[in-house]
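As structure tokens, the structure follows; a few thoughts come after it.
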């Protein structure tokens, strides 16, 4: 019995002495795309290519940081809140292209992919996505130029504006006839009995009444004439208010740097050259579906330079990505054209059957209910 007791004590001591093996850090890929993932030069980051090489024996040089990068943004903040909540340890690896990152999650090179990764049926056949944490839509980035003289005048010469003016003239003419008819017999000094002269004077009276000028040079004397004039005053208030609002809107739109109307949806891009970021099968499928001629770029800045140099007519990307660029660069002569019909939802990417999927879904739903995600989004998007 003594031998058994000693053996048990020694076995317990040996178990206590054994080191506890820590869980391996998650290999988290990040696809840089502000405002979702913003790259800042501060802390350590790993090169994704190192995951495809066998680990060498530890040396002093191997312990040195492989980069100095810190990440911020909507997707990063949401992920880091989840990782803290679930006590997850991880390392970041930069992914240059979306499709590359998805393939690396699918083959086990990465455990997770963070960034504005849109959820599509084709991608769901290869990997799993969490619940969407953000939604957006596509947009075009196009040149914006100050309007010239013709662009300022043109809105007022369109059919709608001309018909409005013509309708107003006809209404003034009708009211002028009514005023002349009830006034010319008892008030021939101000509204002559001669039809053309009388209606001309009545037209002047109705016009100044409509504009609320009211010179007072002509005044109806009959009860019927005064009643019609009083009624016309109130009608003309509504008319002038409506016309003024329409003119202000038209003039404002003419003054703003509006993009060409022919670029308002994906159908309008048919046979046109459009810059896209390389490595996204989703965008490539869109160009094929709508017969758009894609010109691939490695970054948003390169895509914009292609447009500046006249090689493409527009840049196609998520609206929020393009809007963030304009907010950060307010002096550029560019504007966005939202394409509301092309809806995007973003989620985190994991391997199929990942044990983390349900945990992340619960955390995302909880953060949506307690407004944590909304607060994070509001922080980055004004």
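FYI, residue positions are counted from 1 along the chain as it appears here.
Positions of Cβ are set from backbone N, Cα and C atoms, glycine also.
As written in TrEMBL, here are the features:
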{"type": "DOMAIN", "residues": "25-382", "note": "domain 'Solute-binding protein family 3/N-terminal'"}
{"type": "DOMAIN", "residues": "42-382", "note": "domain 'Ionotropic glutamate receptor C-terminal'"}
{"type": "REGION", "residues": "49-68", "note": "region 'Disordered'"}
{"type": "TRANSMEM", "residues": "161-182", "note": "transmembrane segment"}
{"type": "TRANSMEM", "residues": "231-255", "note": "transmembrane segment"}
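Within its own chain, the transmembrane segment (161-182) has Cβ neighbours under 8 Å at 155, 191, 195, 198-199, 201-203, 205-207, 210, 220, 222, 224-225, 228-229, 232, 239, 243, 246, 250, counting only residues six or more beyond its boundaries. In the predicted model, the domain 'Solute-binding protein family 3/N-terminal' (25-382) has a mean pLDDT of 85.
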